[in-house]
Amino acid sequence: MARVVLAMSGGVDSSVAAHLLLQQGHEVIGVFMRHGEESSQQCNVPAAADSDGAANAAVATLPVLGELPQGRADHKQGCCTASDAADAKRVAAMMGIPFYSLDLQADFRRIVDYFVDDYLNGRTPNPCVKCNHWIKFGRLFDYADGVMADYVATGHYARMVNGQLHRGLDDRKDQSYALFGIRPERLPRMLLPVGDYSKPEIRDLALSLNLGVAGKKDSQEICFVTQGHHSDFVKARRPDMVGKTAGDFVDLEGNVLGQHPGYEAFTVGQRKKLGIALGTPHFVVRIEPDTCRVVLAEKEALAAPGLSAQQANWLIPHERLQQTLDQAHQSDQLRVQIRYNGSPEPASVRVDPDDSELFEVHFDHPVDAVAPGQATVVYQNNQVLGGGWIR
Ligand SMILES: Nc1ncnc2c1ncn2[C@@H]1O[C@H](COP(=O)(O)OP(=O)(O)OP(=O)(O)O)[C@@H](O)[C@H]1O
């Protein structure tokens, strides 16, 4: 019997994951990660993080709290509500598994700081992917080591196939894109039990098990922006920047089209809610934090032949990295995905021979809206080969 630490969010997916793991004969320890960062109002410059981020911290520093977060049941505490924690605890009790709540507020503040800083640098951050990397597969593995667990499991829709990360069977729910940052040596210790099912199947299972969380909604995209627009959140975090990011909308030739209240409100590829009427549909094609200009153009200008990426994390051996990528492209198996809900597109990938953390992607056909700051993930068919961050 293997010992498994399961990340339990109080949602339907990780709750059913607990059941599936028990069915497979594992000893399961449920862990709720308390992300709330209600006590911090100021924006700190994030500590320089290495690629493993928080994963390097010693497990001994993790407070293991048997108690749940305090607060009204409906009170949002950053990422997760007290009621989520209570749901997770209830499910664990129902299944007869031990349950702990970890206080990861300090780690989570780093995610928030990264999110705010990226927008202020004219980029579009992906806090969920960072959270998976730094917290879920960073701190959680430390915890698992501390309790001598063999595996770490989550309720993500992705699959482990022969120790390799693959897309989940339910393509509409697939979350493999968000998991590319896991350290390759940790892959053999990961379990993703819900990835073999579709979301409706998981809901049906939850109903048949009489889980109170069966009808719970999926988590929202940016869990800590609980109300308003993300730009309001950025301004609230960085009042010193209010007014300093306002500037001009310009066209490709630099002609002024109008004014915007702050470039942090925009993302490359955005068409809606620009706050300017130009007669024909216009899109954000570039954000220039140095001049505070937001460049708008018609759709044709969005198409990009490729991209360059940094901070790559490769899940396959480095020795045959380029060879694997080339062979996969030649056999039309290489695909690159550039946003969470995007589709993987045929492309070739060239890794910098001097620095494997840098790579270039050339799409077989131009793609729209390559947004600096977003993750870009490389697949061979359904297998995640690795990924990086769009420069
Ligand atoms: N606060 C948390 N504590 C523990 N585990 C978490 C937490 N938030 C997310 N997770 C883990 O990450 C997985 C994916 O989280 P995501 O936010 O995408 O939620 P989801 O797809 O709605 O899943 P769920 O239905 O389990 O909440 C969860 O299934 C769970 O294993």
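Glycine is treated like the rest: Cβ placed from N, Cα and C.
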Exercise. Among M33, M148, M190, which is the one TrEMBL gives for the ATP site where A7, M8, S9, G10, G11, V12, D13, S14, G155 also bind?
Worked result: M33
For this session: Would you pick out, from the binding-site residues G11, M33, the residue whose Cβ has the largest number of other Cβ atoms within 10 Å?
Result: M33
Exercise. Where ligand 1 binds, which of the recorded positions S9, G11, D13, C131, Q374 are close by, with Cβ under 6 Å?
Worked result: S9, G11, D13
For this session: Given the recorded positions C131, H156, C223, Q374, state which is nearest to G11 (ATP binding site) when distance is taken between Cα atoms.
Result: H156
Exercise. Where Q374 (site 'Interaction with tRNA') and C131 (active site, nucleophile) are concerned, what is their Cα separation in Å, rounded?
Worked result: 14
Problem set entry | Of C131, H156, C223, i.e. the recorded positions, those within 10 Å of D13 (ATP binding site) when Cα atoms are compared | H156
For this session: Give me the Cα-Cα distance between S9 (ATP binding site) and C131 (active site, nucleophile), rounded to a whole Å.
Result: 14
